[in-house]
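As recorded in TrEMBL, the features of this protein are as follows:
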- 17-44: region 'Disordered' (REGION)
- 130-163: repeat 'TPR' (REPEAT)
- 358-407: region 'Disordered' (REGION)
- 368-382: compositional bias 'Pro residues' (COMPBIAS)
- 383-395: compositional bias 'Polar residues' (COMPBIAS)
- 453-464: compositional bias 'Pro residues' (COMPBIAS)
- 453-474: region 'Disordered' (REGION)
- 580-594: compositional bias 'Basic and acidic residues' (COMPBIAS)
- 580-610: region 'Disordered' (REGION)
- 628-791: domain 'JmjC' (DOMAIN)
C-alpha cells in the first residue's frame, strides 16, 4: 500500500499536469489574446515533484549539488501560484500542501507557513497527512515557537509512529523540552533518537557540542554565581563558539565569542587564557591590533604560554612583520616542551614566499558534554518557545487564532528575527526514506473511535460559571451505621459524573474499622524496616505556593526525593510533634493565647515573608504484601464493594497483575505541611482515600471537564501536567472561572475522587492516610480511561493501566449489559486484532517467523522498553536478551528503527490468533434482566 503523503503528492502533480494541458488548449483557442508567460510542468517534472515533500527538508542540498532540483522547485512554485490565481480560490487543498513543501525546501519560511495555513483551513482531515504536520512542526521550530512545534511533532508520531523522519523529530523534541526545563521528557526523546539507525541531519558529535553549549548557558542563569565560576563558564562558552563550526555561521559565532570572552575578563581580568582566546578571536576577524593587545595581556598574566607566542607569530605574518614572526615562533619553541606547533609554523613560513600563511594552531581546551537547556545560537532572542520569562514575548512573535489547534496564522519575520533564530539544521545528506503508512496514514494502534483526529485538550465548559459559583460546597454524606454504608444509592451518588468528589463522613465508625492497624505505632511494630519514599518539601499555607525564598508565588511545587524506613520516619514524625509542642509552650509563656488566636495554618501564613521551613513527607509506602500486611488488608474487606481494593465490579481487579498504588494499597505518613501535588489518577480512574488520623487533611478538587485548563496553566508555567509537580494558584483558577472544591478530611473520613477529578491536598496535623484506585464498571469510566491512554501516547508518556490487555481480560471475564461500554470494548478488541494480523502479515512477507511464548499466570502486561507504549501479543525482543531469558521487549516501530529488517530480533507470540478471534466472537451484549 502506498503511503498517504506519496499518493496525495502524485495526485496533486497529475492534476497540475492536466491543468497545464487544459491551459494549453484554452490558449490555442485564444490566439488573438496576448499569451501570458506562465510556467508549465512537463510529465517528467510532475513525476519528479510527486515524491517531494517536507521529509526532504535538511536532506536536499539545493545550494550545492542540487541546483537542478532548486530550479525545478522554483518553477513548480511559480506554476502552482499561477494556477491558484487563475482558479480564483477553487483549488484542491492538496495544491497548498505541496506549495508549502516546496517553499519549505527553498527555505521560504513565511510563504511555506502561509501555504500550510491555507491547506489547514481547507482540509478538514489535515491530521491524516503526516508530511504536512512534519513540515508545519519544522516551521514552528524554525520560528522558535516551541509550544506549537511540540504539538505538531507529537501528532506526527501519534498518527505514524514509524514516520521516516522520527529521529529528526525526537532530536528536536529533546532540545525543546530541555529549553522548557522538562529534563525527563528531553532525556527520553534523546534516547529514542539514539536507538534510531536512520540517517539524521544532526550527528552525535554535534549533539555533544550543543549539550555543552546549553550547559554553560544554563549555568550562567544561576543566581549569585561566583565570579570565578562565571569567568570560567564564559571563557569556555566563548572559545567553543569560536572553534565549533556547527554552532552557526562564522560572523555570528565570532561576535558572540568575543562578547563572552569580554564578559569573562570583566569577571576575572587576570585570566591569561581568556586574553589569549580573545586574541585568537580578534585575529580570525582581521583585527590585528586588538589581537596584539590581547596577546600582550595574556603574556603579562601567563608569560610561559607557548600558544600565545605562536599566535603572535601568526598575527605578525598577517602584518608582514617577518622578523617578529621568527622571534615569536622561537619563543613558542623554547616555551613548549612539545614544540611541534612552533616548528611546523616556521617550516610553513620558510616554504612560503607570500604573506598568506596558515599556521596549524592548537584548538584550545576540550569541551565536556554536559546536559542543560539549549539556548539560542549567540545572544538570546526576545522569545524562545514557551519559556514565559519576564519581559519576553511568547511564541516567537507568531500570533495564533486558537490555543488548541494547528496551524495558525503567522506574521512574516523580519531580517532581525532571521539573524537571531536558533539554527539546528546542518550536515545535510541526500537521503530519502520511504515507509508505508497504515490506512489513511493512521497508526493502527489507536483504540479510540475510528477516523478520529489525535486527541486534544478539551475546551472549558461553556458558558462559564458565575463568580459566586466557583467555590461550590463539597458533597458530604454522613453515615450512622453499616446499613448506610452498603445502601446502593451511596454507590450511585459517588460514581455520578456530576459529583467530582464526595466525602463520606464517619465511615470508620459506621463500619467499625480498626484504624489503629494503620497507626504509626502499629506500623513500626509490624514492619520497622519497610521502605518509605521521602519528599522534602517547604512548609507553607495550603492555599499558597511560594518559591524557596518565600518571596514569589509559583505553580511549581519543589521537593527532593530520598528514602528511609518506617521506623526512622516514625522517629521524625514524633520529634516533629514534640518540637511543635515545645514551640507552643514557649508562645504561651510569652503571651496568653486569646480566643481569636489564628489557626496553625494562618500562623504559617503570617510568617510567610521569608525563607520557609522544610518538612519531610513519607509517601508511596507499598502495603500490598499479604504476608507482611495481612491484618491491615483483611480489615479493608469491611468496606462496601464499590470502594474495595478488589471486587468484581472494579475494572482494575481484571488487569490480572499488581499496579502499585492503583489496585494495591499505599500508605502515607505525614506531618503538618506535607503535600500531595496536583494530579489526576492514572488513566483517569477513581480514587479512595481514608484518613487514619489523628490530624486532619485539607483537600482541593477541580471537576474533570476543566483538566484542559489546568494543563494549559501548567504549560504556561513550564511544568509537565502529566509528570511534573505543581500546586495551583487559586487566584489564577478564580480568574479563569475554574470551580474549586475545598474541604477538610477528618480521621475516619473517606474521600471518593470521581473519574478524572483533578486534586491536591495538604496535611494540617500529624496523620497517616491510605489510598488506592478504583475503576467502576461503567461506560463513562472506560471512555475516559481510553482517552487518557491515547493522550498519554500522544504525549509520549507511559500509561500505567494497560488498556488493551485489560480490555481482552474484560471480554474473557465479565458479561456486559451496558450497550455503550460493550461497543467500546468490542471496538478495542477489533482494532488490536487488526493490528496483530497486520504485523503477522508483515513478518511473513519479510520471512520472519514468530516464536510461541505462552503467557504465564499473573504475568504483567508488556511495554516497549524504548518508547513505553503497550505491546500486546507480539513481542519484539533482541536475540541477546532472548538467549539470556531476560526478554527486554520492544514495539515493532522501535525494533524496525534499530534494524529495518529486524536483524538481531526474535518475535514472541503470546496468543494464537484463533484464540483471540474466539474471545472476540464470544464477547456479546447481555440483557440487563437476565
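Yeah, the Cβs are placed from backbone N, Cα and C, and that goes for glycine too.
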Contact set, same chain, for the region 'Disordered' (453-474): CB under 8 Å, 6 or more residues outside the stretch: 125, 127, 154-155, 158-159, 403-405, 501-503, 701, 705-709, 711-712, 733-734, 736-743, 787, 790-791, 794
Arithmetic mean of per-residue pLDDT over the repeat 'TPR' (130-163): 93
DSSP helix/strand/coil residue counts for the compositional bias 'Pro residues' (453-464): 0 helix, 0 strand, 12 coil
DSSP-derived helix, strand and coil totals, residue by residue, for the repeat 'TPR' (130-163): 27 helix, 0 strand, 7 coil
